[in-house]
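J.: Dropping a structure here in C-alpha cells format, bear with me for questions.
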Amino acid sequence: MNKLIYYFGNNGSDGNASMNNILGNKGAGLAEMSNLKLPIPNGFTITTELCNYFYKHNNNFPKNFQNELQQAISKLEVTTGKIFGSTTSNPLLLSVRSGSTVSMPGMMDTILNLGMNNEVCNALADACGNKLFALDSYRRFLEMYGSTVLSIPSDLFEQIYENHKIQADIYKDSDITVELLEKIIDDFKRLHIKYDKQLINDPYEQLESAIKAVLYSWKNNRAIIYRKLNNISEDFGTAINIQEMVFGNLGKTSATGVAFTRSPSTGEKKLFGEFLINAQGEDIVSGTRTPMPIIANDSNSMQAMMPEVFKELSQIAKKLEEHYLDMQDIEFTIENNKLYILQTRTAKRTAIAAINIAVQMVKEKLISKEQALMRIDPESLNQLLHTRIDYSKGLTSIAEGLPASPGAATGIVVFSPYDAEKLSHHHKVILVRHDTSPEDINGMHVSSGILTIRGGMTSHAAVVARGMGKPCVCGTNNLSIDEQKQILIAGDIVIKQGDIITIDGGSGKIFLGEMPLIQPTFSEESKLILDWADEISSLKVRANAETVNDALVSIKFGAQGIGLCRSEHMFFDKNKIPLVREMIIAPDIERRQCALQKLLPLQTEDFKSLFRVMKNKPVNIRLLDPPLHEFLPTTEEDKKNLANSLNLPLSMIHQRLHAMHEVNPMLGHRGCRLGICLPEIYQMQIEAIFTAIFELHKKEHIESNLELMIPLISNVAEIKKLKMYIYEVVQELEQRYSYKFSFTLGTMIELPRAALESKKIAKEVDYFSFGTNDLTQTTYGISRDDIASFLPYYLEEKIFESDPFTTLDEEGVGELIEIAIKRGKSSNANLKLGACGEHAGNPTSIAFFHKANLNYVSCSPYRIPIARIAAAQAKIKQGS
C-alpha cells in the first residue's frame, strides 16, 4: 500500500499544494505553508487512501497502520518536546480534523484537546501554571469527544454547562471558577459512562476512535447531502489532519479567529475577519460569544489590542494571497502572543466579490484575464441580475418547488390572469396557477412573480418567466389550489386571494408574508469582465426576444443579436388575440384572409419596433410554430365574446373548437405543417416582416439584418415547399416596392429525423438553429411539462445524472446534433450553426456547443451574462 502518513511542521513537509487528491485541501495547505516557513502547529496528514481502504474493507484499518500511527506520534513528540499521554511533564494534546479534497465546511467532524484524562489534565495545569485553562481544555475535550465519537447529543452537554452556571449565579464564561469546572467535568464524565458504559482514558484508544469517527463522518447525512448539492464525488474520501494543540484559551494573551485576505462580501482589498480572546475555534463557530473585528476604529479590534500579532497576521495574509494568487480564508490561533496559522484555503465569496477580486488581481498583474474569468461561477451572476431574499434574517418557508426562474418577488396572491391585470395597477401580484398557457401571457407580464403547482424547469411558465426576467417556482406538489374557493393550501395554512406571499425562484422556496429583499447591482467591474469574456470567446451570444423591452434588456446585457424571435408571442397581445381567434375560427378562406389583413399592419409595427432597436444586429425570426388551439378561448365567457365578435352562433364556436382538438398537439398540426396547410398565415407574416424592413429603410434610414427561420422540419420536401411560398411573396414585394431585399433563410433542427436528413436539408438553407427543447422531448419521448412527476426519483436513483431539459444530454441529443452538423456541412460548407433552446443558457451545455463549433447560442435575456462567461470559459478550457 502507498505511504499513508505525510509530516509537516517547522522542519518542512513531505508534501505540497499539488497533492490535494491524497492530502485533502487542508493537508495540502498545511504542507505548502510548512514549505513557506509559516508558523503552523506541527503534525501529520493521514491520506485519503485510508478512507477508501476503510470503507472497502468493512471499516477496518490496514495491517501496519497502528504501527505507522505510533511512529508518527513519536516523531511529533520529538519535534514538539512534549509527550502524548504524559502525566508527569508537559503533555502533548492533539487536534484531529477532517480534510476532503474539495472544501466541505462544517460537514465533517473535528475533535480538539485529544489525549486528556485526569492525570494529563493535572500535568498540563502544572506545566503551564494555569489550572483553570487545563480544566477548560478537559471540559471541551469531553464535550467534543462525547458528541462526535460517542454520538451523545451535544445539547445534553450544553444543558449541564448552563445549569451549573445558573446555580452558581454566573452569566459570563469568563467568570467560571476552577471549582465550578470540576463539577461540570464530573457531570460530563457521568454522561459518557451513561452512554458508553465506560470512560475512555487511554490517549491512543481515544486517537484511534477519533480517527474512525472522522472517517465515519464522510458518510454522515449532512456530508452526503452537501456532496449531492455541490456535485462532489463520493469516491474522493477524506484525509485526516493530526496536529499538536495550540491554545487560544490560555488567557488574555491568547485568542482564536478567522481572517479573509479581502472582503468576501464586496471584494474590498483589506484584511477582514473576527477573533475571540481566551477562546478555542468552536467558540466562534457556535455563536455562544460575540467575536470582535480584526480591523476597526475602536479599541476592541485586534489591530488595537494585539498590534504586533496583527502586523504579523497582515504580512502572512499578504504572503499567502500572493503565493496562491487568490483570496484566502485563514484560520489562526494565538497562544501567549505567538501566532499560529491552522489552515488556509481559497475563500468562498459573493458573486460581486468574485468579480471585483478577479478584476483587481488582473490590474495588480497577479493573474491573467483568462485566470480571472475562470474564477467566476457563471451561475452566481444571478445574484447580480435579480432581486433575492435576505436569508440572514432566519426565515422559514411554507413550501418548496422547483427553482424555475431566479429572483425573489413579494406580492398579493391572484389566481387568474384577469385578476392579475386588474389588481396590478395598485399592487404587486404573484400569479398562482395549476400551470400556465400562452393565453396567460398578459397576466404573467404584469405579475411580479409566477407560482405553478404543476410543471418543470422547462414548462411554459418557467420558459416565459425566464425570458421576462421574472421569478418563478414550478412543480410545488406540496401545495394545492381550490379553484372554487379561490384559496391556496399549504398543509394547515390557507392562503386567500389578496394575501401576501414571497417566492424565491432561485431556491424554489415559498414564504407567507413579505420577506426582506436585496436589490441587484451591476457594477463597472461586472461590465469589464464581460467585455474580457467577449474578447476571448469564439461563440457568440444572442437573445431570445420578441418585444422591445426584451430587446432593450438583451442589448443592455451584451447580446450580439436576436437568435430566436418567436413570432407567435406577438399574437397574444390583447389587441391582436381577437383577430387571431377570428382568423382561426373563420369558416372559409375569405374570412380568414380578412382577419389576416387586419393583423398585417399590427405585425408590421411589431417587427419595425424590433428591427429599430436592434440596429442592424441579426434578428432571427421564427415563423408561427405552436398549434392553433393555444390561441383559442378556454372559458365560456371568452367563447361567447368570440361568437358575438364574429356574429356566429355559440354552437358553431364549440363545433370549431371540437374539430380542432388534438390528442397530442405538440406533435400535431404545428410548425411548418401550419405553413403548408394554411399558407396564407405565413404569407401574412412574411409580408409584415419585409414591409417593416422596407419602411425602416425608406423612412428612417435604418438597415435590418434579417434571418428567417422555418420551424419543426422533418422532411426536405417541407423546406422546398415553404421556400417556394416565401420567395413568391418576397419577389412580389420587391416588385411592389422596387427594392431588393437581403436576408438569410434557415430552419430549426428539433426533430431526430431532421438531424438525420440534414445533408439534404442543408442544401436548401443558409443556417441551422438547434431547438434543443423539442429535440430533447422527441429524442427521449418525454414531455418537458410532465417530467417533474418522476424526475426527482430518477435523479435520486441516478437513472438520470441531471435534468435533460436543463443540461444537454451529450450522448443522445448531443450525438444527433453532431450528426446534423457533420452531414449538413458536407453538403453546405458555409452552413451557419446556432442553438436556441433552454440549454443555450446552461454553462455545461455551452461547453458542448463550443466544442461542436457552433457560431452562436441564443438564450433568455437574463441568461446572457451567464452565457457570455460560460462561452469564454469553454474556449479557455478547450484551448481553441
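Even glycines carry a Cβ here, placed using N, Cα and C.
Heads up, here are the entries from Swiss-Prot:
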- His460: active site, tele-phosphohistidine intermediate (ACT_SITE)
- Cys836: active site, proton donor (ACT_SITE)
- Arg97: ATP binding site (BINDING)
- Arg566, Arg622, Glu750, Gly771, Thr772, Asn773, Asp774: substrate binding site (BINDING)
- Glu750, Asp774: Mg(2+) binding site (BINDING)
- Thr458: phosphothreonine (MOD_RES)
- 1-348: region 'N-terminal' (REGION)
- 349-405: region 'Linker 1' (REGION)
- 406-503: region 'Central' (REGION)
- 504-538: region 'Linker 2' (REGION)
- 539-880: region 'C-terminal' (REGION)
J.: Across the region 'Central' (406-503), what is the average pLDDT of the model, as a whole number?
T.: 89
J.: Counting by DSSP, what is the helix, strand and coil composition of the region 'Linker 2' (504-538)?
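T.: Grouping H, G, I as helix and E, B as strand yields 13 helix, 7 strand, 15 coil.
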J.: Report, as numbers and ranges, which residues of the same chain sit near the region 'Linker 2' (504-538): CB under 8 Å and 6 or more residues beyond its ends.
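T.: Residues 352, 355-356, 358-359, 369-370, 372-373, 376, 381-390, 393, 395-410, 449, 451, 465, 470-473, 476, 479, 490, 493, 495, 558, 850, 865, 868-869, 871-872, 874-876.
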J.: Can you figure out which of Arg97, His460, Cys836 (the recorded positions) comes closest in space to Arg622 (substrate binding site), comparing Cα atoms?
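T.: Considering only the listed recorded positions, the nearest one is Cys836.
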J.: To the nearest whole angstrom, state the Cα distance for the pair Glu750 (substrate binding site) and His460 (active site, tele-phosphohistidine intermediate).
T.: 17
J.: For the binding-site residues Thr772, Asn773, which one has its C-beta crowded by the most other C-beta atoms within 10 angstroms?
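T.: Its Cβ has the most other Cβ atoms within 10 Å: Thr772.
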J.: Taking every protein chain shown into account, which of the recorded positions Arg97, His460, Arg566 has the largest tally of Cβ atoms within 10 Å of its Cβ?
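T.: It comes out as Arg97.
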J.: Output the one of Glu750, Asp774 that, of all these binding-site residues, has the highest number of other Cβ atoms within 10 Å of its Cβ.
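T.: When each Cβ's neighbours within 10 Å are tallied, Glu750 leads.
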J.: Reported in the order helix, strand, coil, what are the DSSP residue counts of the region 'Linker 1' (349-405)?
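T.: Helix, strand, coil within the region 'Linker 1' (349-405): 30 helix, 8 strand, 19 coil.
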J.: Are there recorded positions among Arg97, His460, Cys836 that sit within 10 Å of Thr772 (substrate binding site), Cα to Cα? If so, list them; otherwise say none.
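T.: Those close enough are Cys836.
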J.: For Cys836 (active site, proton donor), what is the tally of other C-beta atoms lying within 10 angstroms of its C-beta?
T.: 28
J.: In terms of DSSP three-state secondary structure, what is the assignment for Arg566 (substrate binding site)?
T.: strand
J.: According to DSSP, does Thr772 (substrate binding site) sit in a helix, a strand, or coil?
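T.: Looking at the DSSP assignment, Thr772 (substrate binding site) belongs to a helix.
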J.: Could you say whether, by DSSP, Arg97 (ATP binding site) belongs to a helix, a strand or a coil region?
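T.: For Arg97 (ATP binding site) - judged by DSSP and reduced to three states - the answer is strand.
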J.: Setting Arg566, Arg622, Glu750, Gly771, Thr772, Asn773, Asp774 aside, what same-chain residues sit with their Cβ within 8 Å of the center of the Cβ atoms that define the substrate site, listed in sequence order?
T.: Leu564, Asp625, Pro711, Met748, Ser769, Phe770, Leu775, Cys836, Gly837
J.: Please report how many Å separate the Cα atom of His460 (active site, tele-phosphohistidine intermediate) from that of Asn773 (substrate binding site), as a whole number.
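T.: With the alpha carbons as reference points, the distance is 11 Å.
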J.: Output, ordered by sequence, the same-chain residues six or more apart from Gly771 (substrate binding site) with a CB under 8 Å from its CB, or 'none'.
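T.: When sequence neighbours closer than 6 are ignored, Gly771 (substrate binding site) has Pro711, Met748, Ile749, Glu750, Cys836, Gly837 within Cβ distance under 8 Å.
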J.: According to DSSP, collapsed to three classes, what secondary structure does Glu750 (substrate binding site) have?
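T.: For Glu750 (substrate binding site) - judged by DSSP and reduced to three states - the answer is coil.
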